[in-house]
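Working notes, beginning with the structure itself.
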Amino acid sequence: MNKTKPPVIVLIGPTAVGKTKLSVMLAERLNAEIISGDSMQIYKRMDIGTAKIREEEMNGVPHHLIDIKEPTESFSVAEYQEIVRQKIAEIDRRGKLPMIVGGTGLYIQSVLYDYSFTEEAGDPEFRAEMEAFSAKRGAEYVHDLLKERDPEAARAIHPNNKRRVIRALEILHTTGKTMSEHMEGQRKELLYTTALIGLTMEREVLYDRINSRVDQMMDEGLLDEVKLLYDENVRNCQSVQAIGYKELYAHLEGRASLEEAVETLKRNSRRYAKRQLTWFRNQMDVAWFDMTPPVNIEQKKQEIFTYIAGKLEL
């Protein structure tokens, strides 16, 4: 193993593919600590909708970057990058392996490569113009502009993530480069000795699992969880733009029946899974492992362990 570069395991994959359970099994065997690579699990009191791991499921494996922010607080990829790099150093010093687990591709990528999140390639005047467009015509209008000019970024960035949509347009306007080209220009080499594992699944099977997971979330009390945030007056915040929250907000505000909101949630979750896979395949050099049932989880764990051991020279 390259001793100058700390070892890091990264386990990625779309929502509902089975990352959580497998990550704990691997962490137990590898003496690893898990860092959440999900941009929404950072928020307190947002447990069901973000599919946050329960304490009893952790099996004593330390988990980081969960429940660190109030739902009213914003959180950026630059902040994530800084905190996670500190965590990796801390875990490495303890003689344990850091394992990043999640589905927010840009967040994970920002940690692994030496991306700079300064105001380089910034144009405050253009940004203000786009913000005015968004306020006047809606987030979808600005996202459609991005879709015309940088389809890949548009697929990776949710329309309601206004700040990131505008930033992608700003980079294009200032540099003439797409978001990916701009980041590729910064992407010299990995900062860590990295074993990058991806879990995938046949699309129809994955979509069925997503639909079932949404039904399970509703049974577990997702509507009550969202209503608590709504009653706390958590509005127009980054946190409740998350899938699972904005759809049920539409119901609570009388813009959709509960049945319509749940169907929209399922559809948005399926689309998000598709965007996640597109991002990972286009942006990252991943060793993919198929989790389509029937799958022998112990055998799959062994295959992944063997890959990690070879990659990190364990």
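Using the three backbone atoms N, Cα and C, a Cβ is placed for every residue, glycine included.
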To which of the residue ranges 38-41, 134-137, 150-153, 182-185 does Swiss-Prot assign the term region 'Interaction with substrate tRNA'?
38-41
List, in sequence order, those recorded positions among Ala16, Val17, Gly18, Lys19, Arg127 whose Cα sits within 10 Å of the Cα of Thr104 (site 'Interaction with substrate tRNA').
none
An 8 Å radius from the center of the Thr15, Ala16, Val17, Gly18, Lys19, Thr20 Cβ atoms defines the neighbourhood of the substrate site; name the other residues of that chain inside it, in order.
Gly13, Pro14, Ala51, Gly103, Leu199
Give the distance between the Cα atoms of Gly13 (ATP binding site) and Arg127 (site 'Interaction with substrate tRNA'), rounded to the nearest whole Å.
32
For the recorded ATP site formed by Gly13, Pro14, Thr15, Ala16, Val17, Gly18, Lys19, Thr20, which further same-chain residues have Cβ atoms within 8 Å of the site's Cβ center?
Gly103, Leu199, Met291
